[in-house]
Structures are given as structure tokens and as C-alpha cells.
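Annotation comment: TrEMBL describes 7-202 as domain 'CobB/CobQ-like glutamine amidotransferase'. Here TrEMBL flags Cys94 as active site, nucleophile. The annotation substrate binding site is assigned in TrEMBL to Arg129. Under the heading active site, TrEMBL lists His195.
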Amino acid sequence: MSESSLRVVWVYPDLLSTYGDQGNALVIERRARQRGLKVSRQDVRSDQPLPTSGDIYLIGGGEDRPQRLAAERLRRDGGLQRAADNGAIIFGVCAGYQILGREFVNDLGRSEPGLGLLDITTVRGDGERCVGDVLADVDERLGLPQLTGFENHQGVTHLGPTARPLARVRLGRGNGIGDGTEGAWRETVLGTYLHGPVLARNPLLADLLIKLALDVNALPPVEDRWYEALRAERIAAATVNPA
Ligand code: GLN
């Protein structure tokens, strides 16, 4: 991180922002400011070059055609790979998660190269679309409470040997291949199928991204109880009315 501020980059909001993904950027900004950090946020449209000096890059969900356009432009731009090489934190949701991988199936039914930042491959699931509430236990190395979120995707994702599952579903489909895994991560690159927006529903995951960006093990606690009420409500709703 630079001396002066945490630089958050929201990647291609014009193409990838189907489920209020801006909320993820807002939550990171707020949680960082609550710790006294200065934060700058740059929203980079798909016709603009991506800065490579960001600390945290957020890439959201999207429908199939915008997802293909985003992947094409990100490959051409190359900035996200350079940022990852610089050690930036990259966090992808759903379509954004799929783009971070080796390849996914695009809106034309063809295999589309991703950015190769995660060792994952996404194919079109031949069953029902994965839609509904998700509860998932996070990889114990990450030290987070159970995640709650909402998924809506047709693609299903296989993890290669260098990607670790981000979590294991208790409810919902996650990566959708029947092994219970949800999302993937490797060092500073993390991806999930969870919308919500996921960081509003799981602010400790936002804190994890900030800690990784700052390279610290802990942040001062913040007084914020709203999320616990939201979390309890969503867990109850998901449990009473599973998808
Ligand atoms: N288009 C992708 C799929 O259906 C991602 C969808 C999304 O981002 N919600 O798998």
C-alpha cells in the first residue's frame, strides 16, 4: 500500500455490476476509513486503461455477453495481471471470479480465455442454473465466520491443484460440481460465487482483503452491529426457505 492511502479499484462497473457490486467497494472504503486509513477509489470503465498501482481490485458479476466483453478488454489491457504481479489483492465475484480463471464458456457457447490468475476452469453446467441462498464455511486458513450470500450462475467451476476452495457450502451449490466447494483463492487472488453484495453481508471478508493489502494480521475492531442483524436474518431465511 502507498504511504498515503489504500487504493481501491472497481473494475468495469459498466459491464460487471449486476447485483449491487458497488456495495463491495463501499464496504471496503468504509471499513478502512473506520480504521483511520485514507482511501481512494477509482471506478474504471471498460474503455479506460486499468491502473496497475491499486491495492485492491474488485471485479463483479455480470451477464454472459458483458462478461465476454470484459474478458476481452481485460486480456487486451493486461493491467490486472500486472497489478497481480505487483502483489495487489484481486477479488472477483461470479462472472468476475470466472474471468480470473483459465477459461469459461461465453455467451456464444465457446470457451473464452480468462486471465489465468486462478487455477480454475468454468464450463456450462448441464443441470439447473444455480440460484438461491448460500451458507458456506470458509477455509480455516482464512479465519472467517460462515459466509452468507446469494448465487445465480449457469457456469460451474473446477479447481486445479494450485487453487484452494475459498469455502465449503452448507447450503447452496457454490462451484456447482457437486463436491461442496465454493469459490477459490491463491495468495492474493480470491473469487466467489456469492453476491449480496458479499462484503456487505460478510464485512469480515472485507477486513480480510484490507489486512492482506496492508500486510497486517489484525485491524482495530469497529463498532458495527448492523451486519450481525442482517446476517442472522439471512441465515434464518436461508434455513427456513432453502433454494
Ligand atoms: N454469466 C455467468 C454464469 O451464468 C456469471 C453470472 C453472474 O455473474 N451472476 O455463470
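Yeah, the Cβs are placed from backbone N, Cα and C, and that goes for glycine too.
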*Provide, as an integer number of angstrom, the distance between the C-alpha atoms of the residue listed as 'substrate binding site' and Cys94 (active site, nucleophile).*
13
*Under a three-state reduction of DSSP output, how is His195 (active site) classified: helix, strand, or coil?*
strand
*What's the CA-CA gap between Cys94 (active site, nucleophile) and His195 (active site) in angstrom, rounded?*
8
_Around the Cβ of Arg129 (substrate binding site), the count of other Cβ atoms that are within 10 Å_ = 13
